[in-house]
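Structure first, commentary second.
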Amino acid sequence: MSEYSVFTSESVSEGHPDKMADQISDAVLDAILTDDPNARVAVETLVKTGMAIVAGEVRTSTYVDLEDLIRQVILDIGYNSSDVGFDGASCAVLNAIGKQSADIAMGVDEGDQKDLGAGDQGLMFGYATNETAVLMPAPIFYAHRLVEKQAQLRKSGELPWLRPDAKSQVTLRYENGKPVAVDAVVLSTQHSPSVQQAEIHEAVRELIIKNVLPAEWLHKDTQYHINPTGQFIIGGPVGDCGLTGRKIIVDSYGGMARHGGGAFSGKDPSKVDRSAAYAGRYVAKNIVAAGLADKCEIQVSYAIGVAEPTSISINTFGTGKLPDAEIIKLVREHFDLRPRGLIEMLNLKRPIYRQTAAYGHFGRELPDFTWEKTDKADALKKAL
């Protein structure tokens with residue numbers, strides 16, 4: 001039997017205010033890494049009516065025109081007019097970025113005889129399951145695809161009344177550990193004042209929901225909740241303040257796996273909150289791809305300034321073809337989970353992060369998403 005009879009996950013679009021903040025933080029990170037791959041970056045963003053504020057700590061040898069960059073990110077998302085409630089061309093941009101603490105740098109930097117220490121203490125999780133082709137939990141996978149489709153139809157002009165802010169939620173029914181039906185789907189989308197609710201409901205149901213969710217999972221009792229509160233004209237940073245790092249479950253596994261609590265966006269790869277979570281996904285995905293388990297969760301923990309993980313644990317939820325203790329031995333043999341090792345293993349010192357900041361850090365097999373590769377699976381299979 002499945003651990004859950006039903007399970008629900010949610011996602012939000014690139015125009016959601018928290019996701020705007022994530023994208024701005026990661027755009028700043030990318031701009032710095034482009035010229036200075038060894039930079040130390042920790043950037044937080046706040047967006048609210050008429051303003052975007054960035055703050056944090058950076059140590060770099062390069063210069064970035066932050067104001068122009070931030071404005072362009074906002075415009076690219078689709079906030080380009082007061083008619084939609086926010087305009088990247090005219091909003092205020094405030095910069096409160098300072099230098100990284102020398103005390104932190106002393107413990108984290110690499111020396112001639114020293115490995116890179118972890119940028120902070122903490123615990124991170126990685127997860128994979130064979131219930132989808134990309135080895136992600138189905139509820140979060142399809143929740144992402146719904147809001148991604150909303151953005152596609154908005155940007156193409158096919159549904160010109162769509163606006164950038166949107167949220168989705170998918171409830172799947174499980175039988176014997178596999179998803180078999182959609183019990184409920186929620187999609188709320190910002191829209192122009194001129195469109196009627198009936199048109200919104202029909203277009204969202206036919207062009208978004210039915211184009212994304214498997215037809216065999218939709219049934220006569222599936223609940224469709226489309227803009228259930230009625231009109232959704234006021235959205236984005238006007239409707240809600242947006243902050244970096246407030247969608248950590250959307251960013252990861254939709255609640256299907258545990259989370260260490262650290263956000264990803266705006267952090268360079270010396271911050272294990274991000275890099276070790278990516279490495280955890282890489283490890284778990286390769287374990288499942290190798291057939292060692294149907295699902296796998298890994299936890300890794302670190303102490304600030306110390307290279308070796310303080311712990312590595314594995315849980316295959318009774319689906320492992322080998323004991324979990326044996327799988328941990330394989331992980332230690334095939335994966336270097338020290339900060340420098342995982343940065344090199346996944347080639348993380350690159351300007352690749354803005355594209356991670358909307359529609360999921362995991363489960364999208366894009367060329368730059370090295371943590372989604374299954375290139376260790378063949379070697380792991382030999383243990384069977």
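Just so you know, glycine gets a Cβ as well, placed from its N, Cα and C.
Note that this is a predicted model, so its numbers are computed, not measured.
Swiss-Prot has this to say about the protein:
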BINDING   His16, Asp165, Ala166, Lys167, Asp240, Arg246, Lys247, Ala263, Lys267  ATP binding site
BINDING   Asp18  Mg(2+) binding site
BINDING   Glu44  K(+) binding site
BINDING   Glu57, Gln100, Asp240, Lys271  L-methionine binding site
REGION    100-110  region 'Flexible loop'
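Within 10 Å (C-alpha to C-alpha) of Lys247 (ATP binding site) lie the following binding-site residues from Asp18, Glu44, Glu57, Lys271: Asp18. When the binding-site residues Glu57, Ala166, Asp240, Lys271 are screened for a Cα within 10 A of the Cα of Asp18 (Mg(2+) binding site), the ones that qualify are Asp240. Among the binding-site residues listed here, namely Glu44, Glu57, Lys271, Glu44 has its C-alpha nearest to that of Ala166 (ATP binding site). The distance from the Cα of Asp240 (ATP binding site) to the Cα of Lys271 (L-methionine binding site) comes to 28 Å. For the residue listed as 'Mg(2+) binding site', the count of additional Cβ atoms within 10 Å of its Cβ stands at 22 [all protein chains shown]. When the Cα atoms are compared, His16 (ATP binding site) and Glu57 (L-methionine binding site) turn out to be 25 Å apart. The ATP-binding residues named in the record, His16, Asp165, Ala166, Lys167, Asp240, Arg246, Lys247, Ala263, Lys267, extend over a maximum Cα to Cα distance of 25 Å.
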